[in-house]
Amino acid sequence: MAKRDYYEVLGVNRDATDEEIKKAYRKLAMKYHPDRNPDNPKAEEHFKEAKEAYEVLSDDQKRAAYDQYGHAGVDPSAAAGAGAGGFGNFADAFGDIFGDIFGGGGGGRRSNVYRGADLRYNMEISLEEAARGTETKIRIPVMAECETCHGSGARPGTQPVTCSTCGGHGQVRMQQGFFSVQQTCPKCHGSGKMVKDPCPTCHGGGRVKQHKTLSVKIPAGVDEGDRIRLSGEGEAGVNGGPPGDLYVVVHLKKHPIFERDGANLHCEMPISFTTAALGGEIEIPTLDGHAKMKVPPETQTGAVFRLRGKGIKPLRSNEHGDLFCHVIVETPVKLTERQKELLRELEDINQQDSGKHSPREKSWMTKVKDFFQ
């Protein structure tokens, strides 16, 4: 699995100060520390990930290498071309060992081309926008290819020279006992080249921080956490490598009336106690405007009415969900004397009829009576 961007891990911007980075790390360390989360392997993974990110971004030299080359600048195993699980190229590894023994020299020159980092953008949209789809513009900070030197890092009219330490391979051999092991060149950070006359715009990095504005189409039916991929809109690659992608993550704003549950919508429906007792027709809101609904007599609080097809049509579906209205019978307030008089009269009639008009209350009183006997 590819490593996450270190800035994303700590939840800070790429231009974050040392203090902001330290504060973000402390917060995550407190949250995911193994002592606070025993028997929780996920928390331990998050803790290690945050620690690794902090160790790089809190060191000026490592951070500069990471900003310029991504994970490959601080971790040799992250270089492009590594196989599954970080084992690298099998033939290259054994070529280095046996090449030294038998004179084969199987390493060869590497291009050290790295793909740009993927970026993440959190976008908040309304429930209506999620249901109908929308198009909006966003402005994001990225590491883009320097237009002055076209990514070479060298002043226009000049070219980078071959690294004298690794001879342009991007890696150096270290002798360990009988074996020769390859490591990323500490001088050129794996690029195989050195810039003698740096570009005045990017100062030799080949990339510059920029803000770019993009138009994002949000399809109808998206839900919380859905990701929209914009290919090639991430950070610029290194040494001519392909750019990364941008992932727009959808978050839904809290709606004043509706709560979403997949394709279905839920809302509370307050009705007067007279409508609840006698029945009637009420008007309720939907995403398509108002709709009329009949309330049957003797409706109680907690009753749920369903309006088919008044929910949301999810992505990759041809059917709309439903709208569920949850009844709340309102008790009248700020009564006039006349209203109080009528309610007392109603209560007297109810008592005279042995509570048959309030079956739940009668049943409850019977249970209470039996309890104390």
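Even glycines carry a Cβ here, placed using N, Cα and C.
What you see is a predicted model, and the numbers here were worked out from it, not measured in a lab.
DSSP assigns C146 (Zn(2+) 1 binding site) to coil in the three-state reduction, outside any helix or strand. Applying an 8 A CB threshold to same-chain residues 6+ apart, the list for C146 (Zn(2+) 1 binding site) reads G153, C199, T201, C202, G205, G206, R207, V208. If you look up Swiss-Prot, you'll see C146, C149, C199, C202 marked as Zn(2+) 1 binding site, on the strength of sequence analysis.
What Swiss-Prot records for C163, C166, C185, C188 is Zn(2+) 2 binding site. The Cβ of C163 (Zn(2+) 2 binding site) lies under 8 Å from the Cβ of G170, C185, K187, C188, S191, G192, K193, M194, each of which sits 6+ residues away along the same chain.
As annotated by Swiss-Prot, compositional bias 'Basic and acidic residues' applies to 354-373.
What Swiss-Prot lists as domain 'J' is 5-70, and the listing cites sequence analysis. For the domain 'J' (5-70), the DSSP counts in helix, strand and coil order read 48 helix, 0 strand, 18 coil.
The region 'Disordered' annotation in Swiss-Prot covers 346-373.
Each residue in the repeat 'CXXCXGXG motif' (146-153) has a pLDDT score, and their mean in this model is 89. Residues annotated as repeat 'CXXCXGXG motif' in Swiss-Prot: 146-153 (among others).
Annotation comment: Swiss-Prot describes 163-170 (among others) as repeat 'CXXCXGXG motif'.
Taken from Swiss-Prot, the feature repeat 'CXXCXGXG motif' applies to 185-192 (among others).
The feature repeat 'CXXCXGXG motif' is assigned by Swiss-Prot to 199-206 (among others).
Residues or ranges marked as zinc finger by Swiss-Prot: 133-211.
Same-chain residues at least 6 positions away in sequence with a Cβ under 8 Å from that of C149 (Zn(2+) 1 binding site) are, in sequence order, R155, P156, C199, T201, C202, G206. Counting every protein chain shown, the Cβ of C199 (Zn(2+) 1 binding site) has 22 other Cβ atoms within 10 Å. Across the repeat 'CXXCXGXG motif' (199-206), DSSP classifies residues as 0 helix, 0 strand, 8 coil. Summary for the binding-site residues C166, C185: the Cβ-based neighbour count within 10 Å is maximal at C166. Other residues of the chain with a Cβ within 8 Å of the Cβ centroid of C163, C166, C185, C188, the Zn(2+) 2 site, are S164, T165, G167, G168, H169, G170, Q171, V172, P186, K187, H189, G190, S191, G192, K193, M194. Across the repeat 'CXXCXGXG motif' (163-170), DSSP helix (H, G, I), strand (E, B) and coil residues number 0 helix, 0 strand, 8 coil.
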